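Undergrad: Before we start, here is the structure in question, set down as structure tokens.
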Amino acid sequence: MEAGGGVGVGAGPNYNPRTVEEVFKDFKGRRAGLIKALTNDVEDFYRQCDPEKENLCLYGFPSEQWEVNLPAEEVPPELPEPALGINFARDGMQEKDWLSLVAVHSDAWLLSVAFYFGARFGFDKADRKRLFNMINEFPTIFEIVSGSVKKQSKEKSSVSNHSSNKSKSNSKGRIAQPKDDDEGLDDDEEDDDEHGDTLCGACGDNYAADEFWICCDICEKWFHGKCVKITPARAEHIKQYKCPSCSNKRARS
């Protein structure tokens, strides 16, 4: 279990984001924690959601951590609460479907918390619209967990499997290396076209040419190296890369 300190969804008793920027930062932190639970930490999350336990909730924290715990005891709660009893459906569904269901409820909870702050601190129409537009720039947790946001199949086919001669590909797994400053404009445009819509399977952020990426050879999702703790040097010695989610599925099968 991550993020100790008892039940709650804030960062402390006096934690109250009051501006649009502060609420958005709070949203991003909670979102990152929830995505971590449902992707990189999915094995631990799955284990904690024991159907034999009482009603459990998945909390995301502004610190980008997550926690599975009982709901808040106070009525009404300090902040909107996540979906109750996510553990009860775990063994009655396919794992992918269950994780997608939790992701949908997590998306709804994130919005409710963000706009709770907006209502509490008197955001006007312009503030609410700006907050929503900032949030809407990110893919939903459901889109990341289910893979529906991925538009990479055509891009993957254009990157030859283990044999591309392009500087961003490697014979041992598919990787995208940071580009040198002296690379030509044509290469920049080609790279932008190929990876423009690519999103990290862990954090959901867009591809950037100055970052190291690696592709899972099982699910074919791309990841920031930093999100899956893979360095360019380590990638050189990986013949077939499996992301944390695919590795965990094989371990449980």
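Cβ coordinates come from backbone N, Cα and C, glycine included.
From a predicted model like this one, the values you see are computed outputs, not experimental measurements.
Okay, so TrEMBL annotates it like this:
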REGION    153-193  region 'Disordered'
COMPBIAS  158-172  compositional bias 'Low complexity'
COMPBIAS  180-193  compositional bias 'Acidic residues'
DOMAIN    197-249  domain 'PHD-type'
Undergrad: So, by DSSP, how many helix, strand and coil residues make up the domain 'PHD-type' (197-249)?
TA: 10 helix, 8 strand, 35 coil
Undergrad: For the domain 'PHD-type' (197-249), provide the mean pLDDT of the predicted model.
TA: 82
